[in-house]
C-alpha cells in the first residue's frame, strides 16, 4: 500500500508540474464545452436575409412583419429587382432572399394561392435547409391563421411534438458528445502518453528492475487519471446543467457509475496503446487517429449512425463511445434506468474486460 | 561467486551483440567491463538485470538464475542504466524517496550506506533532477540504485559525460561501497578507469578479449612502447607510419606511442630518421604500458 501511495504521489507530481498536461486536463474540457455550447451550433439565430417584395401590399407586409418578429431572422435589406439577388449573395451579407410575386394579395384572394420564392445560399447546405424549413413553417402558420375564418374543404393537419428536447437545443446533443470526447482523450491519450514517457526516458528500465509488479506499475499510473477524469466529467455536467440548462433527468448514481465504467474502458484502451508503442509520439498519434477520429465521426455525436452506410454502421458498433453516448443521453434526457440501458452497459463492460486482458497479455516484463 | 556468466550470446535481428561471453565475479569484487561503444557492455548488463533474455547460455546473479528467478534478482540488485533515468521533473529528495518507497524501505533506514554520497547533493535536495550537473545526476542515480541496500550493484557507464574531478570522486565512492561488501559490476569506455577495478574484462565487438587484474594485464604485456614527440606532431604520425620496422603508431595524450617490430630496435636510429625528415625537438622515451596500450594491441 505504501508503495502504491508513493507511486501515485509521484504521478501527481508529474501531472501538476507539466503545464501542457494541466491544460489538456482542465483547460480543454471547459474550452470545448463553451465552444460547442456557444459557437458551434445547428440552431439558427438572427440569420440575415433580404426581401424582394414585388407586390408591396397589406398581405406581404403582414408576412414580413411576422418574419421580422421571429428571433430567427434579421431582415438585412430590401432589394428592388431580381438582378440584385446574385450580388447580395456574392457579398455574403445575407443567407437567404425571400421573393414575393407581383399581385400577391390579388392572387391570394382570387386564385386562392400566392407564391413566395425562398432562395438560400447553399454553400452551407445544412444551414440552407434549416432556413428553408423555418421560413416554411412561418408561412404555414400564417396560412393557417388566414384559413381560420374560411372553411377549407379537406385538410390534413400535422401536429408535431418533440419529446425530450422540445426546443431542439443542440447543447443537449453536444454536452454528452463533448463529455465522451474529453473522457476518451484524458483517459486514453494521457495514460498511454504517461506510460510511454517512462519507456522513452529510460525510467521504465529502472522500474522493471524493481520489486514492483507490472500491474502495480499500471494501476499506479492509471489511478490519478481515474480521479482527474471523474473531476472532469463532473465539471462538464455542472457546466452543462448551470450554463446551458442541460436537464439531468436520470439517477445521479447511475450516471456516475456509467461514467466511471466508460473512464475504465478508455483507460484500458490507453494501456493497450502504451503496450504497443514505444514513444510518446506514437502513443499520441495512435490515440488521436485510432480513438479521437472514430469517436468524433462514428459515435453518432455529430453524424447520426442510422444515416451512415451499412459498413460504417457495423464498424460503429466496436466504438465504445457510441455505446456511452447512447447511455448518457438516455440517462440525461430520458431519465432512463438500468433496465433500459443494461445492454449497452454490458457491451461496455465486455469491451473493458477484453482490453484489459489483451493489455496484460501484451505487457512486457522485459525490454523486448 | 556473486555473478556467474556462462557462454552468453545475444543477437538483435541477426546482428550479433555479444557472443559466447563467460566470466565470474567474486563476492565483494569491483569488476570492470572495459570496451568502446558498441562492444556489448549494455547488452550484458541488461541480460544480467533480467531485462533481456539471452539467446544462448546461462547466468546467475546473487545465487539466482536470470530467467527462472528474475523476480528475486529484481528484489536484490541495484541497477543504474547508461542513460540518466531518474525523473527530471522530480526534485532530488523526491526521486530518492520514490525509489526508497518502491523498494519498500525509507531513506532513514539505509542512510549510512548513501551518506557519503548524499551529503554532497543534499544542499540541492529541493532542486529538480533535470537541472543538476552531469556529476550530480550520477551521484543521485547512484544513491537511488543503492537505497535498498542491494547485494549486487550494476553500473552501466556511470561516468560517461561527467567531468574528470567528479569521475575521480565517483570511483572513490565505489571503492568505499565495495568495502561495505557490495559486489559491483561497472562498465566504462575510459581505459584510465580500468586500473581502479579489481579485475577487468576487455571487451570488443561482443567478445571478451582478456580477463585479469589490471596489474597482471599490464605486467604480461611484452612489447616496449616509446613516447615520441617532436615539434610537428601531425607530420610525426605520418613519418612514423612510414618507418620500415614500425609495429604500431597511435596518438596518446601529448605523445605518440610507437612500438617496433624488431627486437634489436635502437631509439637512436629512429631519432636519426626523424631528423632526416626535418623534425626538431625530438624526444624518445620508454613509456610504461597502460591498459589502453594493451587494448590497442588486442
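Each Cβ is built from the backbone N, Cα and C atoms, and glycine gets one as well.
Bear in mind that TrEMBL entries carry predicted annotations, made automatically and left uncurated.
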**OP:** Check each of the ranges A:21-40, A:41-60 against TrEMBL and return the one annotated as transmembrane segment.
**Re:** A:21-40
Subject >> Range annotated as transmembrane segment - as stated in TrEMBL, picked from A:152-173, A:174-195 >> reply: A:174-195
Subject >> Residues of the parent chain within Cβ reach of the transmembrane segment (A:252-273), under 8 Å, 6 or more residues beyond its termini >> reply: 179-180, 183-184, 186-192, 195, 218, 222, 225-226, 229-230, 233, 237, 283, 286-287, 290-291, 320, 324, 327-328, 331-332, 337-338, 341, 345, 348-349, 351-352, 355-356, 358-359, 362
